[in-house]
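> Take this structure, written in structure tokens, and hold onto it; I'll ask about it next.
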Amino acid sequence: MGRRSTSSTKSGKFMNPTDQARKEARKRELKKNKKQRMMVRAAVLKMKDPRQIIRDMEKLDEMEFNPVQQPLLNEKVLRDKRKKLRETFERIVRLYERENPETYKELRKLELEYETKRGQLSLYFDSVKNAESVEVDSIPLPEMPHAPSSILIQDIPLPGAQPPSILKKSSALGKASSLSAAALAGVPRLPAGRKPPGPPPGPPPPQILQLYGNTRRTEASAGSDTEMMDGGRDSDSKSEADEESDSQEDSSAEREDSDRGERDEERERADKHTGRSVRFADMPSPNKKKRRVVKTKSITPLQAMMLRMAGQSVPEEEEEDEEEEYSESEDSEAEDQASTDAPQPLVNPRLPVPSAPMAAQQPPSLMQAPPITGPPPLGPPPAPPMRPPGPPSGPPPGPPPGAPPFLRPPGLPSALRGPMPRLLPPGPPPGRPPGPPPGPPPGLPPGPPPRGPPPRLPPPAPPGMPPPPPPPRAGPPRMAPPLSLFPPPLNPNVLSAPPSIVPRQKSPAASSNEGAPSGSALQMPPPPGTTANPLAPTIEKRATVAGSGGASAQGGGATISAKPQIINPKAEVTRFVPTALRVRRDRAGGTGRREEERPPANQQTPAHQAPPIAHAPTPPNLKTKDQVYEAFMREMEGLL
């Protein structure tokens, strides 16, 4: 708007001189007031601290961008406050821009720092809020970063042909190396001015040295001039490999033997996966623990079981042995020696009485039970009968899992007692009270064993009943545990039945002397279609009932002992399971009373053995096998 004349009005009329003077005075007053106001504003701005204004704005930002706590003020209030503070700060900056340029520069730096902090707070707040609101599945995964161009992976030479396998022949080595060289023809080479990376620091590992040494010797023996190393390898690594291979060629024959052992181990590992076996004629078999299953069976396990139960000999090539053998071990040599001398104790007529242990006849090294399959070992009293000898599975069997300590073999550690084979019924429950040792339950029908609950404690046989004869034995004689291992029984009237092996073929005089005991014996006829083996030994069980006076020292009960005097521990154990029973009555007197069996005249009690406990006749009312079995079951119910 242009400057207006003081002598005229807005419409252009001429003013009175008095009005003109008053108008000019008012104009000057307004101008002075404006100047005054500007000075007051400048003074107020100079009184304010710009740094304090920055701090106030930072507090507002922290209040606004706090992801944990909601701001105390409203968003609109925060925005208005920040706007006013920002305008004030701008006026101060303009004021100092005109009056003091240095202060102006400092204020601009403060403003930049504030803006940086505000941006960081805003980013942090947004990231936290987004993380709270977004789902994990919606977050896009980052792409795989590309390899930096400074690393030239293409220029690194790939290794040459792999060393040939130790299972391949020398004729295949040349073919494999030529094929690998042809396959590596497309590998890019290094540029002209570049050197490939050298070998790692330090000497090569011993496996690499042995590998190159074996390759060098194999090539030299085969006369092949095939080049094993690719041209792209470093010359330094070549020279090192050559030096180490030369040092390997100068090594002694012991190193070659160790290399052969390692090759054998690798070959065995490969055989485990591929199922093929490569064996060199000059290589000895490695001394390592192997699990071998020999299956050359021409008859079924059921037929073998029936042959064993009937007393017939099962051919050795028809057995199925699963044993853990140690090649080149002394135990196997001792067992082989003992197996060649096994038939001699079978025909020995001078056997001890049933109560005499065979500790004097057996060296202590043979007391430990070797791992056998099939029935339980012969050292302890036999396990519960009526157990079909199925195919072996698992570790060598021992006594039942819950058997007391006196039922365990003397030399068998507890670690070897594994679970029984899968086809066998479970043994007696663990923790049963120590009672009489297991024996055959008389009166069971012939044929396969019933599939009922397993018998808790098999009853002892009545006097004079011989179990089936064992198959021919091969191996050292088996030792029964001494009498001191068995605790006193709970019932003084239980019969003890230690079996002993007596030859079946005797002289007429001996047979006439023992006519009375054998007349009341329960003997096992051979199965139909077979003939009895005249040389097969017969196992007799002799019943002894101890008097209360002789057993009072051991707890007031009769001592029960069942000692199987069986020779061979290597083959399967004789099962005291009768297939057929025939009761022979006395021809002279038909009273039906069973006479007490006594040892034959040719069996003498050894001097180191205590005299046997006095015999007592059996109760006269137990006449048949069913009555004997019922009485025994009642007795066992009272015990258990």
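The backbone N, Cα and C atoms fix where each Cβ goes, glycine too.
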> With respect to Swiss-Prot, which of the residues S285, S507 bears the note phosphoserine?
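Going through S285, S507 one by one, Swiss-Prot annotates S285 as phosphoserine.
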> Tally the residues of the region 'Disordered' (1-37) by DSSP class, grouping H, G and I as helix, E and B as strand, and everything else as coil.
21 helix, 2 strand, 14 coil
> For the compositional bias 'Pro residues' (194-207), jot down how many residues DSSP puts in helix, in strand and in coil.
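The compositional bias 'Pro residues' (194-207) comes out at 2 helix, 0 strand, 12 coil.
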